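There's a structure below that I have some questions on.
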Amino acid sequence: MSEPLETEDFFMHLCSLAAKRSNDPVTRVGSVIVNEDNIIVGVGHNEMPKNSNKFSWEKDNPNPLENKGPYVCHAELNAIVNKNAANLKNCRIYVSMFPCNECAKLIIQLGITEVIYYSDKRANKDYTKASKRMFRETGVKVRQFSPKNEKISIDCDEINGDKSRKRRRPDESDS
Ligand SMILES: O=c1ccn([C@H]2C[C@H](O)[C@@H](COP(=O)(O)O)O2)c(=O)[nH]1
Ligand SMILES: [Zn+2]
């Protein structure tokens, strides 16, 4: 049995797990919002608007309206709209990638006080620079975080403990 996951490692790994739900073929992003008691109040990944499969995941089409950019709902936006709390004041947001300027605005306006990110691979983009400027100006704390164990394994069958035991079929009864 592996060591228990530390709290922050758990939140960042949960971002990676949420990101795995994305259909974006290039960049999958996950986000988790946590309140002051370390309770998760929202989870999201980047995805196209609900109820349509008409939007393309392209990014280099000469027609900008055929690219994903104008349509894709960002992971942070989805974590926010999926919230199960009355408000997000004083919450922290964990993200697998540094938030863009549009997500930064949402984060600030909702009263989220800290952004914890894994990747800063878009650091040279103006929208990232604008996010950082907004966070700085508004006092939102920002910190990069890598889980102590960057790789974890997820095996649902661990719950059965004894790995030598044959997994029970759904139709098998106790007797
Ligand atoms: O704050 C952000 C910024 C971007 N995303 C999503 C939106 C897209 O699906 C990808 C970025 O695609 P690239 O091909 O790497 O440009 O990331 C997000 O969820 N949150
Ligand atoms: Zn964004």
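Going from the start of the chain as shown, residues are counted 1 onward.
The backbone N, Cα and C atoms fix where each Cβ goes, and this holds for glycine too.
Annotations for this protein, taken from TrEMBL, read as follows:
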- Glu76: active site, proton donor (ACT_SITE)
- His74, Cys100, Cys103: Zn(2+) binding site (BINDING)
- 6-134: domain 'CMP/dCMP-type deaminase' (DOMAIN)
- 156-175: region 'Disordered' (REGION)
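So that I understand the layout, could you describe where these features sit and how close they are to other parts?
In sequence order, Ser31, Gly44, Ile93, Val95, Pro99, Cys103, Leu106, Ile107 are the residues near Glu76 (active site, proton donor), counting only same-chain partners six or more apart with C-beta under 8 A.
Its Cβ taken as reference, Cys103 (Zn(2+) binding site) is surrounded by 24 other Cβ atoms within 10 Å in the chains shown.
Remark: secondary structure over the domain 'CMP/dCMP-type deaminase' (6-134) totals 41 helix, 25 strand, 63 coil, with classes taken from DSSP.
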Once His74, Cys100, Cys103 are set aside, which residues in the chain still have Cβ within 8 Å of the Cβ centroid of the Zn(2+) site?
Ala75, Glu76, Leu77, Pro99, Asn101, Glu102, Ala104, Leu106
Which one of the binding-site residues (His74, Cys100) has its C-beta surrounded by the most other C-beta atoms within 10 angstroms?
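By the 10 Å Cβ neighbour count, His74 comes out on top.
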